[in-house]
Amino acid sequence: MDRWFLIFFYQFCALCLLVLLHPTHAAETNKGQRKIVHVHEDETGEVIVQTAPGIVTTHRGGSIILPCRYHYEHSGEDPAPVRIKWSKINDPPSFIDVFVALGKERRGFGSYKNRVSLQEHDPGDASLIVHNITLDDYGRYECEVTNELEDDTGTVKLDLEGVIFPYYPRMGRYKMNFHDAEQACKQQDGILASYDQLHEAWLNGLDWCNAGWLHDGSVQYPISKPREECGKKDNPTGVRNYGYRHKDDERYDAFCFTSNLNEMSTWESPLQGNT
């Protein structure tokens, strides 16, 4: 009996030792596999990026400053050269290069080339000046400052003054796939609206019974006055969402956005007769 007890006791102790050692080994393995290092606030030399909260607003053809500043956690540090990068954040999440600065080198990308520059009022000013604003400039931007292995980011939203209007072609409702809707809005001197723009229009009273494409590929419609023919009378008011739809096969109307709107009779007529 004593012999079996000793065997059981030694096996139990070995199992306990394995359990105690295993978490340490796992932590060391995970640490070795990490590809990105984030510097914590209590480490020296950290780059801190600050962007103004809220939204900056302008109109098509205007100029705007996207605010961004950076500093070091410890002011006594001798800062190494930094790289400043601005990107546009699209929906679904993807990044478009806008501008990069490293030392004295400056480079704008794509449609932003020759329209963007750094403000650089003083050391630590990474604000971006954007000229000749277009409809496609609307959206969120990321300011990234990198100092050797350390980096930080901030985001700024650029909004445009303008209007949203529902659109469907003269051939009838629910005739456009996503790509048709994009082209239709361009022909009306606009772009497909974002959810934020449609939601703001709903807050201002927009009521439209027909679902339409938005810029992110979703299909939605704003209801201020619930009724049976528009998704049932008992449903609450709000922007109703069909979700993301197949961009090639499914067909709906469109919600377009434009800035500096001129008189355009081409879309005034389809608005008549909304139920």
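Positions of Cβ are set from backbone N, Cα and C atoms, glycine also.
Please treat TrEMBL annotations as automatic predictions, because they have not gone through curation.
Within the set Cys209, Cys256, TrEMBL assigns Cys209 as the partner of Cys230, by disulphide bond. Around Cys209 (disulfide bond), a 10 Å sphere centred on its CB holds 17 further CB atoms from the protein chains shown. With helix defined as DSSP H, G or I and strand as E or B, the domain 'Link' (163-258) counts 22 helix, 30 strand, 44 coil.
When Cβ atoms from all protein chains are considered, those within 10 Å of Cys230 (disulfide bond) total 18, not counting its own. Helix, strand and coil residue tallies for the domain 'Ig-like' (46-161), in that order: 6 helix, 63 strand, 47 coil [DSSP].
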